[in-house]
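Scroll down for the structure; my scribbles are underneath it.
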């Protein structure tokens, strides 16, 4: 196991070195990538258990291999906890990732060439919502909706496109949107075309579990998610549904296995079970509330410093900074901030004129820093450090001075040590 329990530094020094350096990086960097988080020691320990040895094709009670009596218990625990956490009556915990979950749902409900309607990647959507470089953009006829001039989902455009193109599926959810989605309105629009409404809540699953972001389960035909990000579990996928029928649930199960995957990763499913248990505890809700508080404080601080925030606010764990008026690209901001041990990611903004490899913005998320104990005071200071660096990109001494402050803060709030 890699959490300092077995020393294999002499057996494989190159691998040991890389892992040790990554552990140090996580301890000594302020992590503001919105899709990243720190999982618990319980989750990491379970993922390094003997469960990694077990093949278990099929579902509990219906396996293709023998010796599955204990992994059946584990998967059933994960399923029941997921259903309880999100108020669902169906859960599939086998998808290896969020993208795999989406692929499985699409292939269960659609035929190749069907029309889908998803959020533009450049406006905050995800690759799997219809990007031309992704399977979703290759297998299906894609129509895209976006945000309006205020950075909010354009529901009028969504309704107009739905009436015009009659999609088989409308996809809700995002990877870079700081607002609250009106799931009820989106389901109403989907019903106008007799379309499936599928929600990818990967980014806000933790907030949904804590009851501080609207739960799509009562409006979507199917909900997908990752189990990391704000949920703070292992890297993996999840499919949920409510008020469906056995025909739908059977389609979904068959689409995951044998449709998209073979054997499930039982060590990861066990880690999901532990993460769901953690998310059912009262302190998880406190953590999620603090994530949003920290996000709002950072937005307010950036606005005070003259920075433009897409939509001008945040109601979740993330927000986008438009750097156009700062004469710096997202790529360059990413690079210069990393020199001070502050990790962000470059991100396109709505109607961006720059390529996704350059971008005019950066995305900031507060799930990871909140996990290590940062509160309003700390994230306010971090916002000041970021603006100081971006306002003086050629002042290398300033970067070094801020890096020292970053290291001091990280030492005060360790992740694992």
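Cβ coordinates come from backbone N, Cα and C, glycine included.
Features reported for this protein in Swiss-Prot:
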type	residues	note
BINDING	121, 125, 126, 127, 355, 356, 357	(6S)-5,6,7,8-tetrahydrofolate binding site
MOD_RES	229	N6-(pyridoxal phosphate)lysine
SITE	228	site 'Plays an important role in substrate specificity'
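Here the features listed in Swiss-Prot are placed on the structure.
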residue : record                                                  : Cβ within 10 Å
121     : (6S)-5,6,7,8-tetrahydrofolate binding site              : 24
125     : (6S)-5,6,7,8-tetrahydrofolate binding site              : 25
126     : (6S)-5,6,7,8-tetrahydrofolate binding site              : 23
127     : (6S)-5,6,7,8-tetrahydrofolate binding site              : 16
228     : site 'Plays an important role in substrate specificity' : 26
229     : N6-(pyridoxal phosphate)lysine                          : 28
355     : (6S)-5,6,7,8-tetrahydrofolate binding site              : 10
356     : (6S)-5,6,7,8-tetrahydrofolate binding site              : 15
357     : (6S)-5,6,7,8-tetrahydrofolate binding site              : 10
- Could you tell me which three-state DSSP class residue 121 ((6S)-5,6,7,8-tetrahydrofolate binding site) falls into? helix
- Task: Could you tell me which three-state DSSP class residue 229 (N6-(pyridoxal phosphate)lysine) falls into?
- Result: helix
- Item | Between residue 125 ((6S)-5,6,7,8-tetrahydrofolate binding site) and the residue listed as 'N6-(pyridoxal phosphate)lysine', the C-alpha gap once rounded to whole angstrom | 16
- Message: So the record assigns 121, 125, 126, 127, 355, 356, 357 to (6S)-5,6,7,8-tetrahydrofolate. If I measure every Cα pair among those residues, what is the longest distance in angstrom, as a whole number?
- Response: 16
- Message: I need the CA-to-CA distance for residue 355 ((6S)-5,6,7,8-tetrahydrofolate binding site) versus residue 228 (site 'Plays an important role in substrate specificity'), whole Å please.
- Response: 28
- Of the binding-site residues 121, 126, 127, the one whose Cα sits nearest to the Cα of residue 229 (N6-(pyridoxal phosphate)lysine) is 126
